[in-house]
Amino acid sequence: MAKSVLVTGGAGYIGSHTVLQLLEGGYSAVVVDNYDNSSAASLQRVKKLAGENGNRLSFHQVDLRDRPALEKIFSETKFDAVIHFAGLKAVGESVEKPLLYYNNNIVGTVTLLEVMAQYGCKNLVFSSSATVYGWPKEVPCTEESPISATNPYGRTKLFIEEICRDVHRSDSEWKIILLRYFNPVGAHPSGYIGEDPLGVPNNLMPYVQQVAVGRRPHLTVFGTDYKTKDGTGVRDYIHVMDLADGHIAALRKLDDLKISCEVYNLGTGNGTSVLEMVAAFEKASGKKIPLVMAGRRPGDAEVVYASTEKAERELNWKAKNGIEEMCRDLWNWASNNPYGYNSSSNGSSS
């Protein structure tokens with residue numbers, strides 16, 4: 001019988017790609033999502049892409065803070081593990097609305113952990129983030145690097161990591177893997193699912209794709225005087241399909257009897273500048289991206305990229321795709337879905 005996995009936030013960007021990989025890997029997936037920053041359209045497309053495997057997918061519109069609704073789902077299915085993506089994730093908004101972020105992300109997680117314990121499901125993969133490294137003094141960031149988030153969003157990730165460690169310390173039956181991932185980019189090679197941010201994109205590449213399809217006039221590059229090869233900020237961009245595979249590898253690792261509460265970086269181990277990413281996208285799409293140069297944004301780190309040795313060694317996982325593949329698949333998604341899953345804006349059908 002297929003192993004059954006609960007995926008919170010499974011309608012989101014990384015969640016939907018991971019759900020597809022779960023189904024294709026022989027798992028059954030139950031998704032809970034409140035659709036605050038996603039839509040059910042992504043899961044309908046996942047179901048289609050998965051073909052017959054799509055029969056092993058079900059999804060429910062549930063907020064993790066709604067304990068009775070969560071208990072009902074746990075009472076109906078015996079889960080082997082939970083992959084926890086759900087959470088608000090805009091850095092700027094978190095600064096403006098910290099209590100919203102603490103309530104949604106932390107209270108939601110605590111409720112989830114309580115219900116998991118209540119129903120005897122103590123296997124968890126948590127989506128943390130490289131944002132917990134703050135402004136790293138040294139790169140690459142290893143799992144032992146100091147952690148100090150610089151905004152409320154990052155602090156919710158950091159606090160949830162600590163909560164997970166405390167839960168494991170109190171009960172050694174728990175097996176928890178914390179995945180700190182870097183900058184996800186790209187889309188499923190089919191171009192049928194991808195990133196569809198609501199409102200103004202917070203990250204570089206979704207913004208670039210909206211410029212390319214004519215939804216925005218130009219890209220503003222914040223900071224051109226960093227001590228980097230071209231003066232722009234450097235990040236570790238990772239293909240979303242590699243990231244999805246990393247979650248499957250983490251799920252398999254939970255079967256290891258020696259696992260307690262472990263942290264793994266998921267990145268490529270390579271730093272790429274803003275201008276290098278834009279150039280790679282221009283090459284993949286054949287589109288010129290107009291740029292406006294601006295000063296640094298407060299809080300932006302200069303260079304952040306991952307040490308990936310631990311994940312390679314212990315999860316037997318390594319990112320396969322480079323920035324060319326990321327940009328190719330991103331453009332395939334964007335050009336086929338210029339308005340994302342919202343078909344009403346461009347007159348096409350989902």
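Cβ atoms here come from the backbone N, Cα and C positions, even for glycine.
Note that the coordinates shown come from a computational prediction; the quantities given were computed from them, not determined experimentally.
Under the heading active site, proton acceptor, Swiss-Prot lists TYR153. Around TYR153 (active site, proton acceptor), a 10 Å sphere centred on its CB holds 24 further CB atoms from the protein chains shown.
The Cβ neighbour count for ILE14 (NAD(+) binding site), using a 10 Å radius and every protein chain shown, is 22. If you look up Swiss-Prot, you'll see GLY12, TYR13, ILE14, ASP33, ASN34, TYR35, ASP36, ASN37, ASP63, LEU64, PHE85, LYS89, LYS157, TYR181 marked as NAD(+) binding site, on the strength of similarity to another entry.
Swiss-Prot lists 129-131, 181-183, 202-204, 220-222, ARG235, 297-300 with the feature substrate binding site. Counting only same-chain residues six or more apart in sequence, the Cβ atoms lying under 8 angstroms from the Cβ of ARG235 (substrate binding site) belong to PHE182, ASN183, LEU204, GLY271, THR272, VAL304, TYR305.
Checked against ASN34 (NAD(+) binding site) by C-alpha proximity, the recorded positions SER129, TYR153, TYR181, THR220, GLY299 yield TYR153 as the nearest. If you draw a 10 Å sphere around the CB of GLY299 (substrate binding site), it holds 13 other CB atoms from the protein chains shown. If you compare Cα positions, THR220 (substrate binding site) sits closest to TYR153 out of the recorded positions ILE14, ASP63, PHE85, TYR153, LYS157. Within 10 Å of the C-beta atom of ASP36 (NAD(+) binding site) sit 14 other C-beta atoms, taking all shown protein chains into account. For LYS157 (NAD(+) binding site), applying a Cβ distance below 8 Å and a minimum sequence separation of six or more within one chain yields ASN105, SER128, SER129, THR131, VAL132, ALA149. The number of other CB atoms found within 10 A of the CB of ASN202 (substrate binding site), across every protein chain shown, is 14. ASP36 (NAD(+) binding site) sits 16 Å from ASN202 (substrate binding site), taking the CA atoms of both as reference points.
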